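A.B. asks: In case it's useful when we look at the structure, here is the feature table from TrEMBL:
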type     : residues : note
COMPBIAS : 84-126   : compositional bias 'Basic and acidic residues'
DOMAIN   : 148-226  : domain 'UBX'
REGION   : 84-128   : region 'Disordered'
Amino acid sequence: MSNSLKASRFPFCAVVMASTNQRIVLLSQIEGPQTPEEMLSILQRVVEECSTSLVAARLEAEERRNNLRLREEQDAAYRAALEADRARERQRKEEQERLEREAAEAYKKRKEEEEAAERAAQEAAERQAALVRRRQEKALELGEEPEKGSDVTQVLFRFPNGERKERRFQSSATIESLYTYVDSLDCLNDEKYSLVSNFPRVSYGSEKYSITLKEAGLHPRASLFVEIES
């Protein structure tokens with residue numbers, strides 16, 4: 001400090017003022033012994049002469065502080081705005097991901113429903129085709145309807161929907177042939193059923209399949225109800 005102020009004689013007194021960039025400005029320097037009165041007079045004169053510079057320095061320092069505070073406030077506002085933008089961007093991405101996830105789930109569900117509907121339709125078509133084949137097989141198994149005669153039995157079939165079907169059978173035909181005939185028709189959709197006479201009520205179930213129509217008392221005419229089993 002002595003060298004920077006170029007002190008040549010001691011005691012040495014310097015009046016300095018802070019400046020920019022962490023430097024100091026030399027306002028006055030006093031070298032050699034001084035009386036208190038002389039010292040005080042010199043200092044007062046220096047203060048009076050430099051009052052303008054001191055006021056300007058104070059104003060400059062205040063301006064620097066204000067500018068620093070303003071920059072800090074601007075930086076804080078910028079950081080807050082940046083964080084708000086980032087939060088909005090995160091929210092937008094989360095919302096987009098949610099929508100994409102919901103769309104993917106909806107698409108997956110729709111595809112599963114479509115596949116299930118296709119499987120159900122295919123299964124229904126296969127069941128219907130199997131039912132048609134079964135009816136055709138039953139019709140072939142039944143053979144041609146016999147002509148009227150003394151050994152021919154006329155049977156009337158009444159269905160639950162009110163529909164009626166009538167056919168002739170040989171009196172020597174079995175009860176099972178009646179089921180074969182019903183199975184060859186398109187009146188039922190593969191439901192389980194029994195053939196029942198009304199007066200007197202007699203159920204001709206599987207245990208009577210081998211009995212002939214004549215042995216069952218259905219010759220020469222009979223009326224049977226098709227009763228759906230629950």
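Just so you know, glycine gets a Cβ as well, placed from its N, Cα and C.
Are these features on the surface or tucked inside, and what are their neighbours?
C.D. replies: Taken together, the residues in the domain 'UBX' (148-226) have a mean pLDDT of 93 on the 0 to 100 scale.
Counting residue by residue with DSSP, the region 'Disordered' (84-128) contains 45 helix, 0 strand, 0 coil.
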A.B. asks: Of the residues in the domain 'UBX' (148-226), how many are helix, strand and coil by DSSP?
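C.D. replies: Going through the domain 'UBX' (148-226) residue by residue, I get 13 helix, 30 strand, 36 coil.
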